[in-house]
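What follows is a set of notes on a single structure, which appears directly below.
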Amino acid sequence: MKSGFVSIIGRTNAGKSTLINSLLEEKIALVSHKQNATRRKIKAIVMHEKNQIIFIDTPGLHESGATLNQLLVQSAIKSMGDCDVILFVASVFDSTKDYENFLSLNPQVPHIIALNKVDLTDNATLLKKLSEYAKFSQHFKAIIPYSSKKKSYKKGLLDEIVKYLDEHEYFYNPEFLSASSEKELYRDFILESIYENLSDELPYSSEVLINRTKDTPNLLILEANIITDTNSHKGMLIGKEGATLKRIGKDARFKISKLAQKKVLLKLFVTVKKNWQKDEEFLKKLLNDEN
């Protein structure tokens with residue numbers, strides 16, 4: 001029996017959250033084509049044969065001077081020192097520059113490369129990309145082609161990860177899908193619905209705070225605040241006669257209900273907090289692992 005923690009690292013939009021969801025075969029991690037959709041570290045628990053692997057999905061690595069983005073990168077780097085194995089995720093279409101940047105951080109634990117989205121390319125392109133990574137072979141333990149859409153890739157990746165975990169009793173109940181709090185997951189589903197329903201720029205000025213939860217045997221009651229930075233953005237989030245906010249709520253309610261396996265009553269409010277993305281204390285509260 002082995003058990004350990006695996007930090008998933010990579011640039012924004014490399015497919016980290018989609019990879020976690022495919023390993024779980026459940027929707028846990030927020031998935032969006034927009035950069036830095038993942039703002040908190042989500043712990044997802046995967047049982048592989050008799051072994052327990054706890055994946056930590058981190059914000060994407062990138063370069064930016066904005067306070068929020070700086071804190072996101074700090075969070076990702078910190079997770080590298082708090083794990084047993086690092087899984088570096090890169091798309092088969094990415095250059096190796098992102099991997100070189102990762103190596104410059106001097107990771108101190110073993111790492112494996114997951115070359116993602118291989119179902120979208122041909123064998124010749126895949127072989128060319130593998131040869132590009134070959135010059136770094138002294139650094140990584142293995143490079144594994146992966147597709148989140150094909151289950152046949154799952155076993156090979158998990159088998160490789162387990163090699164580098166220690167013998168240890170389970171850290172979590174094997175029935176659990178995630179060690180992240182339910183509030184974090186509900187928050188991410190609401191934020192994802194904002195990403196899906198609004199233009200590219202607006203979601204970056206928005207955050208979600210869960211104000212109240214009440215869980216009964218047949219009904220989950222949630223109240224949440226959508227934080228945005230201007231009155232004009234507030235108007236866009238609400239929409240004409242509340243249509244946009246209703247659509248966001250409907251989409252989020254469906255996702256939360258699927259996870260909770262019960263009916264959900266979701267009440268959403270929109271609040272303006274100017275310059276929240278530059279308020280370091282507010283951001284640290286948002287990004288706190290225990291939040």
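Cβ coordinates come from backbone N, Cα and C, glycine included.
According to Swiss-Prot, the protein carries these features:
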BINDING   10-17, 57-61, 116-119  GTP binding site
DOMAIN    2-167  domain 'Era-type G'
DOMAIN    186-274  domain 'KH type-2'
REGION    10-17  region 'G1'
REGION    36-40  region 'G2'
REGION    57-60  region 'G3'
REGION    116-119  region 'G4'
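Around the Cβ of VAL118 (GTP binding site), 22 further Cβ atoms fall within 10 Å across all displayed protein chains. DSSP states for the region 'G1' (10-17), grouped as helix (H, G, I), strand (E, B) and coil, give 2 helix, 1 strand, 5 coil. Of all the binding-site residues listed here (ASN13, THR58), it is ASN13 whose C-beta has the fewest other C-beta atoms within 10 angstroms.
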